[in-house]
Amino acid sequence: MAPRYILALDQGTTSSRAILFDRDANIVQVAQKEFTQIYPEPGWVEHSPNEIFDSQAQVLHECLRLARVSGNEIAAVGIANQRETTIVWEKSTGAPVYNAIVWQDRRTAAFCDQLRVDGKAHIIQEKTGLVLDAYFSGSKVRWILDNVPGARAKADAGELLFGTVDSWIVWNLSKRGTHVTDPSNASRTMMFNIHTGQWDSELLEIVGVPPSMLPEVVPSSSHLAEVHPEFFGRAVPVAGIAGDQQAATYGNACMSLGMAKNTYGTGCFLLLNTGHSPRASLNNMLTTVAWQTAGGYSYALEGSVFVGGAVVQWLRDGLGIIKDSSEMERLAGTVPDNGGVYMVPAFVGLGAPYWDQYARGTIVGLTRGTGRGHIARAATEAIALQTLDIIDAMQKDTGIALTALRVDGGASRNNMLMQFQADLTGVLVERPTVTETTALGVAYLAGLATGFWENEEELASLWKLDRCFSPSMPGDRRDELLYQWHRAVQRAAHWLEE
């Protein structure tokens, strides 16, 4: 039977998913499995590398079983992954030497501070497009090498491999046959030069990582590995890889200069397509590789919010004011406004445009009249307010005035949040019919490489609008919200600094 589907593996921060797409980019089947979050110390976040892959393999099989689809019907596999999360494993056995250190983890903040004192921040930003922060992979690799007994010696002897989650999944799907990554993931490690498209020896020396550990960097859309026949009954090409946010940008058909999307997931991630050359930021945005296709490199400006939808999980699991995430919109809608309450969810610091790793969460403006609804409303509004800070910074960097913002991710289904986002930004907020754009993006990349789809024009034609939210808030109300929000951010800033 001729291949009729692309299988996208979407390895996220809290769950692994497999999503089957047909030629019209419709979702045929979804399978999902959550995995364990490990918090060894305050500010530390880890995953089990084996559980990451095992959960991904399970949903791969479950998706095909539920869809009643055989391996012969799969044209290609695409892989999207949580970025920056760092895994180090033994080359000979494939055994991890330590848990995966997750992108949210802050244990290397002091090392990054020292690099800043040593004058390395400018070199790193100039070569990588990134700000010097514990968020990125390089300092996490160094921590493993310095703190796992014997790891540094093994790495120096060429016995250890490093990879972001995409590399780890490909390594295991290929039965240890292929050690690769793509430029979108490599550009998030703080070790990759986005101007030369190569690992950079000066950066590797700064973070103390041997080059022998690093994966080969291959185009995001290319025949880059073979899935071992054990998984599909035959060899199937892995033909698309991208970090989750770059994948979502591609899946939202933001393929042209000036188009932007925001993903409302665990964090919020706004990417603005800046075309075929990197654009340096003067306003604390990240310059990153968007993807590499047959047409060459595309770049983006990115603003990263560490805590977006995760604030909803905190209200559910930490405070217990909701029992299920689906209750959030209803509860926030029980009050007409935030009642003067502002929440800054800086649980692990503030991301763009502040990059304050010592900020911590605050709720300000509480009175005896404050209720659960006000807290829920303030949390909802905080997601959109953080996004607006990023949009304002990007417009200063580029001079590009957005006319629309495409959205995806779980929280994009919250109509109150989307309307509030439109009101704040003053532009149309467009939610697509298929909000699984992360998976769709790597399906597109894999499909392009294998001829499943012909070109990007065909892909753009497959994007369909579900709902458009138009701004309607009076300007004076918007100005008041922004003024009070920035006052609240000032209260949260530098909280842990002595």
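Glycine is no exception: its Cβ is also placed from the backbone N, Cα and C atoms.
Swiss-Prot names Thr13, Arg83, Glu84, Asp244 as sn-glycerol 3-phosphate ligands; from the candidate set Tyr39, Tyr135, Tyr297, the record adds Tyr135 to that same site. Each of the binding-site residues Gln313, Asn414 was scored by the number of other CB atoms within 10 Å of its CB, and the largest score is that of Asn414. Sequence-distant contacts of Thr13 (ADP binding site), defined by Cβ-Cβ distance under 8 angstroms and a gap of at least six in the same chain, are Gln82, Thr85, Val102, Trp103, Gln104, Gly265, Thr266.
In this structure, Glu84 is the one among the binding-site residues Glu84, Asp244 with the smallest number of other Cβ atoms inside 10 Å of its Cβ. Among the binding-site residues Arg17, Arg83, the residue whose Cβ has the fewest other Cβ atoms within 10 Å is Arg17.
Listed binding-site residues: Gly309, Gly410. The one with the lowest count of other Cβ atoms within 10 Å of its Cβ is Gly410.
The secondary structure of Gln313 (ATP binding site), as reduced to three states from DSSP, is helical. Within the set Thr13, Arg83, Glu84, Tyr135, Asp244 that the record links to sn-glycerol 3-phosphate, no two Cα atoms are more than 15 Å apart, and one pair reaches that distance. A Cα-Cα distance of 12 Å separates Arg17 (ADP binding site) from Asp244 (sn-glycerol 3-phosphate binding site).
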